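Chemist: Following this message is one structure expressed as structure tokens.
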Amino acid sequence: MTTSPILQLLLRLSLCGLLLQRAETGSKGQTAGELYQRWERYRRECQETLAAAEPPSGLACNGSFDMYVCWDYAAPNATARASCPWYLPWHHHVAAGFVLRQCGSDGQWGLWRDHTQCENPEKNEAFLDQRLILERLQVMYTVGYSLSLATLLLALLILSLFRRLHCTRNYIHINLFTSFMLRAAAILSRDRLLPRPGPYLGDQALALWNQALAACRTAQIVTQYCVGANYTWLLVEGVYLHSLLVLVGGSEEGHFRYYLLLGWGAPALFVIPWVIVRYLYENTQCWERNEVKAIWWIIRTPILMTILINFLIFIRILGILLSKLRTRQMRCRDYRLRLARSTLTLVPLLGVHEVVFAPVTEEQARGALRFAKLGFEIFLSSFQGFLVSVLYCFINKEVQSEIRRGWHHCRLRRSLGEEQRQLPERAFRALPSGSGPGEVPTSRGLSSGTLPGPGNEASRELESYC
């Protein structure tokens with residue numbers, strides 16, 4: 001069997017890659033021509049060995065040369081192994097190693113081979129260092145998303161249970177909190193569903209991979225939708241705040257329906273096409289790797305657009321806020337401090353931090369820049385939900401006032417109930433009309449008008465945000 005000229009060229013290029021790996025480590029080795037000759041001799045010996053061997057009578061995986069190593073016939077439901085190919089420039093380091101591959105129950109070879117024992121050991125040191133960094137980043141974002149999930153759930157309950165906090169602004173906050181929670185839950189669930197085969201791909205590891213593949217891809221789709229919804233709700237926050245400060249008139253309740261449609265409907269417009277194209281043209285593994293960058297840009301482009309629009313809204317809001325502070329004739333130091341505080345408050349709400357590394361694509365991020373981009377984005381994205389819940393719920397003056405009022409009413413109801421249980425029956429008849437067990441006298445000074453609602457002026461809304 002002869003090798004075509006095109007295949008020879010491809011093989012020479014791949015073998016040059018092996019030489020480059022060796023050159024990077026500072027070792028001596030053969031030229032590309034010598035390495036190709038060694039590979040060609042290894043291939044011929046493999047074919048001669050397989051031709052001389054007698055095929056097994058029963059079901060078995062066929063012996064073959066997979067362009068890397070020579071495989072003998074293998075029994076079904078077993079893990080075959082072959083010695084590391086001797087044409088490798090670093091073969092003397094890995095002579096005792098093996099390449100592993102699964103032979104399925106149907107007599108077909110599995111898709112994956114494990115050649116980690118045959119890799120250049122000097123090259124593996126850099127790989128292990130990178131893997132350690134990625135594992136630490138995963139621990140960091142797991143802690144961040146878990147903390148965000150817990151605080152967001154509590155903030156969501158507070159904004160939902162206290163009726164006096166119900167207004168368009170807080171309805172949008174509730175949906176934003178929900179999108180952060182869905183994003184955190186989806187990412188944490190995806191990590192659980194993503195199989196992690198060990199260095200030796202045995203029967204059990206491959207079976208677990210095949211069983212979890214469908215669930216893992218489903219989790220990947222849900223994750224992409226939740227991430228997209230999170231960005232669109234950040235955009236809704238920016239559009240709503242900008243409309244309060246710039247636009248005049250209009251029904252907030254009517255606009256809220258459009259906000260709902262934008263926040264939860266827009267992500268489907270780019271996630272569904274991505275799923276279709278990915279299934280047709282890059283249906284590999286768990287869809288966690290993006291080898292075809294054009295397909296990944298179907299999702300990346302709308303997200304970058306939301307980041308850019310929110311950044312422009314952020315700049316516009318800062319300009320409006322600065323003009324308002326100056327018209328109040330505040331001292332220079334006072335309005336600068338107020339502007340700085342408002343800026344830091346708006347950054348997590350609008351996701352402005354995303355613009356720092358937005359121009360840097362995955363293709364451009366290499367080496368230290370790649371890890372700097374990953375660390376910056378992963379840290380802020382995972383803890384962003386926690387920051388938003390703290391800034392716009394837990395330390396919000398309206399929320400704190402309502403919690404104190406609710407706690408005061410709860411204690412008052414409890415004390416009234418205890419007093420009424422101790423009084424004789426005639427004491428109940430002496431109570432004023434309209435009072436009774438479990439009822440709390442209300443004060444007109446605590447009317448709902450004391451809290452900013454949908455009809456308040458834009459300046460008061462800005463105060464509540466900043």
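Yeah, the Cβs are placed from backbone N, Cα and C, and that goes for glycine too.
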Chemist: Taking the topological domains recorded in Swiss-Prot, do GLU288 and ARG341 share a side of the membrane?
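Modeler: No - Swiss-Prot names a different topological domain for GLU288 than for ARG341.
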Chemist: Choose one of CYS16, CYS70: the cysteine that Swiss-Prot connects to CYS46 by a disulfide bond.
Modeler: CYS70
Chemist: Please name the cysteine among CYS84, CYS167 that Swiss-Prot pairs with CYS118 through a disulfide bond.
Modeler: CYS84
Chemist: Closest to CYS61 (disulfide bond): which of the disulfide-bonded residues CYS46, CYS70, CYS84, CYS118, going by Cα position?
Modeler: CYS70
Chemist: Tell me, by DSSP, whether CYS118 (disulfide bond) is helix, strand or coil?
Modeler: helix
Chemist: For CYS46 (disulfide bond), which of the three DSSP-derived states applies: helix, strand, or coil?
Modeler: helix
Chemist: Please report the three-state DSSP label of CYS84 (disulfide bond).
Modeler: coil
Chemist: Near the transmembrane segment (139-161), which residues from the same chain, at least 6 beyond its ends, have a CB less than 8 A from one of its CBs?
Modeler: 170, 173-174, 177-178, 180-181, 183-185, 187-188, 191, 378-379, 381-386, 388-390, 392-394, 399, 403
Chemist: I'd like to know which of the recorded positions CYS46, ASN62, CYS70, ASN77, CYS103 sit within 10 A of CYS84 (disulfide bond) at the Cα level.
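Modeler: So the list reads CYS70.
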Chemist: Do you know offhand how many angstrom separate ASN77 (N-linked glycosylation site) and CYS103 (disulfide bond) by C-alpha?
Modeler: 6
